Amino acid sequence: MKDPRRPIGVFDSGVGGLTVLSALRRALPQEDFLYFGDTARVPYGSKPLSMVRRFAWEIAGFLLRQGVKAIVVACNTASSAALPDLAEDLSVPVFGVLEPVAKAARGYGKVGLIGTQATVQSRAYERYVEVSWAKACPLFVPLVEEGLWDDPVALLVARHYLEEAPKDLEALILGCTHYPFLKGTLARVLPGVRLLDSAEATAEEVARTLRREGLLNPEGQGRVVHLVTGDPESYRNLAERLGVRVEELKQVSLEEL
């Protein structure tokens, strides 16, 4: 049964998906959301794709049991590992973050990609856009999760990862939803390179699809419930440092998934 009043489920390994959630709230202010951060098992990018696929199915199943009308996989690694199967097998619309930003990158000449080890090795982006240079940046997610996105150590790490980037690079896909928090640092290392993230493009795709399917909520309050598998207060503190106000927060045990 289609009920447009049901919430939209959004999930990520941690706080990275908050970039996508913020864009969704701007595009769909009347929608209610369940945001699931799997903070007990972050990061995903260093784990085998088979394990990440299992995590994604566990979380998607949990969100379906909460009655969501759509699911946004706000994690590049989980999108790489599980999106095709989730989209085919689940009873609600499922959205990932790879294709929207890849489409935006097609208008540039030489395109680079940075992401987690799992995302880069999966070559999932190459299904949608020609990537001239790719680099796994496994330390970026821990830096963001520790609140160090604007710390001098982040600049040192970024310079190390990006020192071999082509001089004629026109655009760089930020192939992880944590990476937009590092945009200021990345822009210092690669001045003049367009930094592309998936948040706005994904939000636009979700809005278009819900409108087409008759699933837009005409009377929602823009409520967001945050669900985390790790320590709730650590999550709240980090999210609010990132500019996201957390009003409703609940802990979910891994046994509930």
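For all residues, glycine too, the Cβ spot is worked out from N, Cα and C.
Curation does not apply to TrEMBL; its annotations are automatic.
Now, the feature entries from TrEMBL:
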BINDING   Asp12, Ser13, Tyr44, Gly45, Asn76, Thr77, Thr177, His178  substrate binding site
ACT_SITE  Cys75  active site, proton donor/acceptor
ACT_SITE  Cys176  active site, proton donor/acceptor
| Residues Asp12, Ser13, Tyr44, Gly45, Asn76, Thr77, Thr177, His178 [recorded substrate binders]: greatest CA to CA distance in Å | 12
| query | Taking only the binding-site residues Asp12, Tyr44, Gly45, Asn76, Thr77, which one has a CA atom nearest to the CA atom of Cys176 (active site, proton donor/acceptor)? | reply | Asn76
| task | Around the recorded substrate site, report the further residues of that chain (criterion: Cβ within 8 Å of the mean position of the Cβ atoms of Asp12, Ser13, Tyr44, Gly45, Asn76, Thr77, Thr177, His178; site residues excluded), sequence-ordered. | result | Gly14, Gly16, Gly17, Val42, Pro43, Cys75, Ala78, Thr116, Thr119, Val141, Cys176
| Cβ distance under 8 Å to Gly45 (substrate binding site), same chain, sequence separation 6 or more: which residues? | Ser13, Thr77, Gly115, Thr116, Gln117, Ala118, Thr119, Ala136, Pro138, Val141, Cys176
| task | Select the closest residue to Cys75 (active site, proton donor/acceptor) from the following binding-site residues, measuring between CA atoms: Tyr44, Thr177, His178. | result | Thr177
| query | If you draw a 10 Å sphere on the Cβ of Ser13 (substrate binding site), how many other Cβ atoms land inside? | reply | 33
